[in-house]
Amino acid sequence: MSFLFSSRSSKTFKPKKNIPEGSHQYELLKHAEATLGSGNLRQAVMLPEGEDLNEWIAVNTVDFFNQINMLYGTITEFCTEASCAVMSAGPRYEYHWADGTNIKKPIKCSAPKYIDYLMTWVQDQLDDETLFPSKIGVPFPKNFMSVAKTILKRLFRVYAHIYHQHFDSVMQLQEEAHLNTSFKHFIFFVQEFNLIDRRELAPLQELIEKLGSKDR
C-alpha cells in the first residue's frame, strides 16, 4: 500500500489519486492497510467478508496506480528517450502503445513516452465516475471487470520495465525493498482474482515464482 513509502520523498510521476475520506472505499483502503501491516500478503489480498468484489478491486487498483506512480517517479531521471528508446521488459518483450480511442493502431515509442501515455490513460479511467463510482449506492458498470483487467495488465508493464531496465538504479536508491513488497502485493492480488493472463506475466515469471515459493 501507499503507506510503504511514507518515509521516502513523495515525488510522483503523475498526481496521486485520492480516495475521499469518510467514504466506504476509504474504509476499505484502511482495512487493506491494516491487514497488510500483519505481513501476510496472501491473506491481505483476500476479499473481506461481506464486501463487494468490484469495490475491492477498484480500491486496490487505485492504490496500485499510486504505488507504481511513486516507484516510477523515483527513477524518471534514469528512464529517458536515450536510455530507453523502446518500451521493453528485457530483450524478448517490447510493448507498443494503443488506447483504442486516441491511438487506435499500436505505435512504437520510447519507454518514458509509453509510460506517460499509460499512466495518463489509467488516470482518465480512475477519474471516470461511470467506471469507478466513488459514491455509495452507485453501481459499477457491466464492463468494470474488463477495464480493471486492462488497467492492471498495463500497470504490470511498468513493473516489468523497472525490473528489467532500471533495477540497478532502484538498488542505488535503496528502493528495492519497496519495489519488491509492492510487486509481491500486486502479484498476489492479481493471482487471487485471476486478473492478468499468465502469458502477460511472462517477462517476470521467474521473479513471480520466487516470490510465491518464499511465501509457501
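The backbone N, Cα and C atoms fix where each Cβ goes, glycine too.
What TrEMBL annotates here:
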- C79, C84, H161, H166: Zn(2+) binding site (BINDING)
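Structure with TrEMBL features highlighted.
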| residue | record | CB count, 10 Å |
| --- | --- | --- |
| C79 | Zn(2+) binding site | 21 |
| C84 | Zn(2+) binding site | 19 |
| H161 | Zn(2+) binding site | 25 |
| H166 | Zn(2+) binding site | 23 |
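Close to the recorded Zn(2+) site, the chain also has I75, F78, S83, A111, P112, I115, I162, Q165: residues not among C79, C84, H161, H166 whose Cβ is within 8 Å of the site's Cβ mean position.
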